[in-house]
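Per TrEMBL, the features are:
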- GLY96, GLN97, THR98, GLY99, ALA100, GLY101, LYS102, THR103: ATP binding site (BINDING)
- 593-620: coiled coil (COILED)
- 479-488: compositional bias 'Polar residues' (COMPBIAS)
- 489-501: compositional bias 'Basic and acidic residues' (COMPBIAS)
- 531-540: compositional bias 'Acidic residues' (COMPBIAS)
- 7-345: domain 'Kinesin motor' (DOMAIN)
- 462-560: region 'Disordered' (REGION)
- 744-764: region 'Disordered' (REGION)
Amino acid sequence: MKAHSSRVGVFVRIRPTAHFSQDLIECLPDGQTVNIHHRKDSRKPEDSRKSQLSSWSFRLAGILQDVSQEELYARVCRRVVLGALDGYNGTLMCFGQTGAGKTYTMTGSTESYKQRGIIPRALQEVFQEMDKRTEYTFSVHLSYLEIYNETLVDLLSSLQGSPQLSPRGMVVVEEPSRGVFIRGLSLHPVHSEEEALNLLFEGEMNRIIGSHALNRSSSRSHCIFTVHIESHSRTLSVAKYVTSKLNLVDLAGSERLGKTWSEGQMFKEAMYINKSLSFLEQAILALADRRRDHVPFRQSKLTHALKDSLGGNCNTVLVANIYGEAAQIEETLSTLRFASRMMCVRTNPAVNEHMDPAAQIKKLQKDLHMLKEELSFYNTLVNRPRIMYEPLSEAQLAEIHSQVQRYLKGNLEEISIISIRQVQAVFAQFKLAVQEQEQKVKAQLCQTFNLMEKDQRANTAAIKEWDTRDSTEDVEALRSSSTKASTKMSRDKQSQSKRQGEGSPVSKKRLESASKSKLNSVQTPEREQESQEPETESQDSQESQPPGNEPFNPDSTPSKAEAFEDFKVGRGSKINRILKENKAVLLERCSLLRQLTEEVNAVKREIDCITATIQQHETRGGQGQYMVMEGMPVLQEPDGTSLMQLRELKALYRQRYEVLRGVKAEVNYCQHLVDQCRVRLLSEFENWYKKSFLVPEEELDITIDRTLEQGEDNQRLLPDSSESFYNARYRMLKRRTALSFTPVQRNSSARSGQRRLPPILPVS
Ligand code: ADP
Ligand code: MG
């Protein structure tokens, strides 16, 4: 909704008088400007000639002189009252010195209906307008607050149903949802103009009684009569509703502290009034100054209570009541100054809209129901099958699951799309299927990996030892790690004895051969394999013979350690050889690295020594002292030789360091190659071992048969089919050797059921 105004509406009302001072108060014909001409009286008689006439001009929203109550209401108040019915907060304030006509303007004369003031007229307008606006339901509550000497008084507390005042009395409270309100102030629902007027008169009566009881004038207090309006649209959203407050404020007399009030209660009252009105002025100045982000509302009860009713989103109107007589010209001037300041306050009135959550839910449910009906109507028109918009039932979900499964297996050509819910459920099923598949593969891998990992750990440990020992020891270590714990100890002993007896010569031999090899002879396992393929084949065929040409026994499954030994000389001989060579190079580079490190360190030590000597000499020289011990100088003067030597050493250091760096890089590279070879040897061995000994014969037979069908030459060309190739060979070998088996061997083979196969060794 549009804002009604962007400024506070300030009007001046001049109390009718027979002695209107036209000389001092000049109302211009524009109806908005009032000029005040005032000659300041000097107290000293000799200065009276010096007194100067000063003029002030005030341009306000309107000057109301000899204006009836009705006209004043129409010009000043109507739009604010109507705005309150639209949801805008509104504030109407009367400001001025005592007797200037504030109460007359706000409440009016109680004797004449015609002279009734803003409040009764506003109440009448509110109820009349409510009756007119049939599309809304309204609820109206009234409250009447008096602020006397910074004390809050509920002028309607005498009425039935008013809350019992808390021991702390009433307090001004701010809450985000409700804004500013007075806790403890009674709010009275009213349904008609009459009811509302009754409350107004009740409050007025209480105000008069209170002032008599306290022996004070009613104009010594501020009074705020508030109309609280809440409206709900009957046609639009039921969840949305608007609220507003219409504050009708009759302020206490603004006259300054005079001589007559210099004592007792009146002095105290005047102090409080002056204070609260000056705080009101400060708040208004702060509101008028757009650069200020803090407005001191909390300084007085009045400003705090009116916090959301002065500027901001509120329609605010000030009526400045002034006397027309010359005697009151100073107070008139002061009132007009206040009024002109109030003119500077800008407002951005906004409707106070709220949402009722319960009503909102109801409305959304209704909307949803309507949309579903609309959809089903549309579906019927386009001949779509009946679609469920409710969440899918368990049976429907099961059906979708089966559809997806059939679709994945290829038994269902397509899944027809029916509804968004169904599409989502289908996707969910796909996701589930993928996850299940992943789990399956993972479990399989885990099974294999665990086995491999266990064996590999043992093998790796063995191979590591092999780095420093003979290959025989390595086999022994592998064997011992593969056997049970009970036999581990005895085997370790055996391996130890072997290590002592055989290990050293072989190691030496290997080191010797390793020292001869060069770094550039190091090759990656792949390249080596490719380049030496024919040679390896022939080597393999030679090395693949079981040691001592032992008869081939298909019944016995060798231990892993034995199999590994066989593998290294047979199927894995290539990679084993490469590994050996690379390790030899690595060893050689390592020893070179050690040697170079020692040399570099030695040079560094020499440099340090010479540097220290030179430094010591320089220090002593600088101090002009030579320490002599037993007649010999401890330090000799450094000659050119020392410096030369230092230079040479430094150059040597740099040179050796460079070499060292290069060798270090070579060592790293060799180490990488060795690791690669090691991993490959182990993985190839694992594959080979698994295929050879752990695969059931039936499966192997299928593999072998297929392999045989494809032919030997073809297999050689395919790197990944090398195992099939060896399996085929084994099959052939098996057929051959079966013929030469002894009856005993045959029987034993039959007894064991032959689930496990002997090692597959390549034969020429
Ligand atoms: P205030 O509340 O500012 O102290 P009141 O409203 O009580 O002053 O006015 C003082 C007297 O002046 C009252 O008797 C009131 O009837 C009278 N009066 C004030 N303004 C007018 C006016 N515009 N027309 C007629 N009488 C007025
Ligand atoms: Mg009054």
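Note: Cβ is positioned from N, Cα and C throughout, glycine not excepted.
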Neighbour-count leader, CB within 10 A, binding-site residues: GLY96, GLY99, GLY101: GLY96
Per-residue pLDDT averaged over the coiled coil (593-620), given as an integer: 84
In sequence order, those binding-site residues of GLY96, THR98, GLY101, LYS102, THR103 whose CB lies under 6 Å from ligand 2: LYS102, THR103
Listed binding-site residues adjacent to ligand 1, that is, members of GLN97, THR98, ALA100, GLY101 whose C-beta is under 6 A away: THR98, ALA100, GLY101
Least Cβ-crowded entry, counting other Cβ within 10 Å, from the binding-site residues listed as GLN97, THR98, THR103: THR98
Sorted by sequence, non-GLY96, GLN97, THR98, GLY99, ALA100, GLY101, LYS102, THR103 residues with Cβ within 8 Å of centre, ATP: ARG15, CYS94, TYR104, SER219, GLY253, ASN321
C-beta crowding around LYS102 (ATP binding site), within 10 angstroms: 28
Where THR103 (ATP binding site) sits in the secondary structure, as DSSP reduces it to three classes: helix
Cβ neighbours of ALA100 (ATP binding site) where a neighbour is any other Cβ within 10 Å: 28
